[in-house]
Amino acid sequence: MSRKMFSCDFETTTKLDDCRVWAYGYMEIGNLDNYKIGNSLDEFMQWVMEIQADLYFHNLKFDGAFIVNWLEQHGFKWSNEGLPNTYNTIISKMGQWYMIDICFGYKGKRKLHTVIYDSLKKLPFPVKKIAKDFQLPLLKGDIDYHTERPVGHEITPEEYEYIKNDIEIIARALDIQFKQGLDRMTAGSDSLKGFKDILSTKKFNKVFPKLSLPMDKEIRKAYRGGFTWLNDKYKEKEIGEGMVFDVNSLYPSQMYSRPLPYGAPIVFQGKYEKDEQYPLYIQRIRFEFELKEGYIPTIQIKKNPFFKGNEYLKNSGVEPVELYLTNVDLELIQEHYELYNVEYIDGFKFREKTGLFKDFIDKWTYVKTHEEGAKKQLAKLMLNSLYGKFASNPDVTGKVPYLKDDGSLGFRVGDEEYKDPVYTPMGVFITAWARFTTITAAQACYDRIIYCDTDSIHLTGTEVPEIIKDIVDPKKLGYWAHESTFKRAKYLRQKTYIQDIYVKEVDGKLKECSPDEATTTKFSVKCAGMTDTIKKKVTFDNFAVGFSSMGKPKPVQVNGGVVLVDSVFTIK
């Protein structure tokens, strides 16, 4: 018999000296009439012991702290051996919560346990966005979190409806996922399973063999993220009219059309020599460099005390640098920089194939373009979650919670633990091709480029640039979508900018449009780490390095659980 599954949520107090759950809610996934809303954590945990089901909280890192705190204070201890009256967790070294597995004992050989998962790992969006994007027949509401609610507080009709909506939105969304066969712990795992189902597990294991941990560690040194760069020419200055374009499904489009590695790599010494059987390669290289005039910098060096980790470099400084580079990255660097004192050390070479992901991407692109609501959003999730799964870190050493003397949770690093890599070379080359796509387009617009962010280019002026004029389309895979045209803008740093965007009213909503069609402008604030509350205080006049405001919630572990303390946010 399959286990029942429930969507759950807590509402909690906001005082450091009175941290507790004042309301809980649970609703059965696939049976929305089976739900309950109550006001006692003890009552909820009694139900958890009796139900022995799979529960989902949206952002388990927050709600899970109250559960683990309760378990510790009621005699349960952490253990990964499945002993009675113990609990196990999956919490990453970065503090991401994935699971709590509470074992109550055994009936014969059958384990009596309740497993709690994080629905945010399957649906990585706020509840309000899930309701909107999935076109669910209810929307997330609002309540005043700071209202006094003493122990035994009687839940008001408004609070009851708010909690019920929250758990129902997630219950409906997860039910849709599960009915599509998407039943893994994370969106990435769902996507990888879907790809294996199309390719077949047998062929997957042959095409993407397991590499040794030492080899994976070396190859992983060539793995880099998206290209995010602000042109110094426009930094901290108000800019006039401009345009923003972004690539439709950047990573899936590279997976669809670019030559990508497969099979076991071959190690080579020195400089890579052309090999038609193994045309893709990762080169370990030591060199000095100087940016050419009129070129965008593309070299970024992390975990090095001589360089800022988020800065793209114009020169190598006083000493040569050593990098692991795909042939895609290396060719781009050779075009953008003068290289000196080059030493080719060694590397890995790979067979190549185009179209490995064609059937998978065709399937989900069709759903994305022909469906609306939930199915469309699930298709986007499947398309965008796969590439990163290939480069999953095999080091899965986690954190273990424990109860400190003051009653709050502490965390220690657990025993070292590793899993098999998936196939890191694939993640390395997909991201390399993605950077190549964005950088090549930006470089062709060198006289206009303001800013790049992974899949987007921001340009001065209102003319479509020559390099993309024939590949502009709002939906086609790999084409550039014209996202917006702005009247004015100001960029301070990566992921920190504001724009007045030209808009017009369509069916009662403001839609981006050209300057000629515009009836007004919409003020847009993009700033990593800034809450919506603080964004409402931003203007063109005060948006600058040093801008400071209260309104950033900072989680603090206290006796009983977690309190979100109001703290200062500053643009640095």
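Residue numbers in this text run from 1 along the chain shown.
Cβ atoms here come from the backbone N, Cα and C positions, even for glycine.
According to Swiss-Prot, Y251, K368, D455 bind 5-methyl-UTP; the candidate from K380, K469 that the record adds to this site is K380. In the three-state DSSP reading, Y251 (5-methyl-UTP binding site) counts as helix.
Under the DSSP three-state reduction, L120 (site 'Essential for 3'-5' exonucleolysis') is assigned to helix. DSSP assigns K495 (site 'Probably involved in binding template-primer structures') to coil, not to a helix or a strand. V247 (Mg(2+) 2 binding site) is 18 Å away from G388 (site 'Probably involved in binding template-primer structures') when you measure Cα to Cα. Taking all protein chains in view, 23 other C-beta atoms sit within 10 angstroms of the C-beta of K368 (5-methyl-UTP binding site).
Taking every protein chain shown into account, K380, R435, K495 are the recorded positions, and of these the Cβ with the most other Cβ atoms within 10 Å belongs to R435. Taken together, the residues in the region 'Interaction with the primer terminal protein' (56-66) have a mean pLDDT of 98 on the 0 to 100 scale. Within 10 Å of N384 (site 'Probably involved in binding template-primer structures'), counting C-alpha to C-alpha distances, fall the following of the binding-site residues D246, Y251, K368, D455: Y251.
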